[in-house]
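Copied from TrEMBL, the annotated features are:
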{"type": "ACT_SITE", "residues": "His233", "note": "active site"}
{"type": "ACT_SITE", "residues": "Cys283", "note": "active site"}
{"type": "DOMAIN", "residues": "1-51", "note": "domain 'CARD'"}
{"type": "DOMAIN", "residues": "155-287", "note": "domain 'Caspase family p20'"}
{"type": "DOMAIN", "residues": "327-391", "note": "domain 'Caspase family p10'"}
{"type": "REGION", "residues": "293-326", "note": "region 'Disordered'"}
Amino acid sequence: MFVEAGSGSRRDQARQLILDLETRGSQALPLFISCLEDTGQDTLASLLRTSRQAAKQDPEAIRPLDLKPVVLGPASLKPEELRVAKQDPSQPSQGKLAPVVLGPEELWPAKLRPEVLRPEAPRPVDVGSGGFSEIRAQDRAKGNADLAYVLNADPCGHCLIINNVNFCHESGLNTRRGSNIDCERMQQRFHLLHFVVEVKCNLTAKQMVQALGELARRDHSALDCCVVVILSHGCQASHLQFPGAVYGMDGYPVSVEKIVNIFNGTGCPSLGGKPKLFFIQACGGEQKDQGFEVASTSLEDRTPDSDSEPDATPFQEGPVTVDQPDAVSSLPTPSDILVSYSTFPGFVSWRDTKSGSWYIETLDSIFEQWAHCEDLQTLLLRVANAVSVKGIYKQIPGCFNFLRKKLFFKT
């Protein structure tokens, strides 16, 4: 490989061609000139014949052009540190790499000052906030049972979706239009994540507790995880560990704290040490956060939408009902549990009547794009960031994370 330092004129190129042909034999050039004349390329043939005659009179006229050797090696090496070395493929070099010079040995200068060719550095791919180092860390965590939950079973576990859309007239709760879209999204998403999905619709508070209890009493010994998704109206509720409550279709609330503790070590021993995930699409209260102006919020996300509805109802401290946690003073310490809320406790959670809730729509999209390579906590951070820039009223999803390890879904 050479880099030409001389001019690119046709005469110089002819001289170089003559040199190349002469080195192949004394008859190579005359034969080549004859071929040019036979094919009508008289101008080039004449140029070569003239140059050949000049070469016989002055051999220096066809000497090789001024060539620079090209050095392959690290760009950081200084010229005085460079040394010429012929690489032996059977002896891979270690430590500091020596440059390799391509070109005739007689052209090697005492001190090399050539252009250095080096491979282009690989470009990182957008895989999150941490780049390649984080990818390697994630890969190491996946294969390490001390750092990540093992989700090798197929199916991975059960997923129960409770979708309350229609509420009795006496409850004063509106029909949750768009919730069926959320339900279909979650049903398909967790099926793709290797869960056995079961959907129950329009349950009373008592029926919700019964369905959750039945799920907890199943034998999960051969499974690795359990997921509960609840889509309903919600409100604030007294709590010790997990805030908020969700309504049955009869208008009675069930506290999130009670829901989670149905799956504690006593009620569900076969899930001991295994992750139990709860995704709650419901309002945490009635407050509407108008937020404050931040940079680069798109006009599309900030446009008011007449089809958006809150999943909120007033908080009322009423008589003891099915939602009240039993023996709240002796609640077990949460372990291997994550509860993801569609909004911060006390605030409204928005649902579009045509496209579903902001939270579930975003959760499904983020899982589709990133679940193959990122852990659950990172996925939920992405969800919170994406939802936070929607609409005139702000909504920030959050979670209570009592997982002991990272969780990577089986994809």
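Numbering starts at 1 and runs along the chain as displayed.
Glycine residues also receive a Cβ, built from the backbone N, Cα and C atoms like all the rest.
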To the nearest whole angstrom, what is the C-alpha distance linking Cys283 (active site) and His233 (active site)? 6
Drop a 10 Å sphere on every Cβ of the active-site residues His233, Cys283 and tell me which sphere holds the fewest other Cβ atoms. His233
DSSP residue counts for the domain 'Caspase family p20' (155-287), split into helix, strand and coil: 39 helix, 36 strand, 58 coil
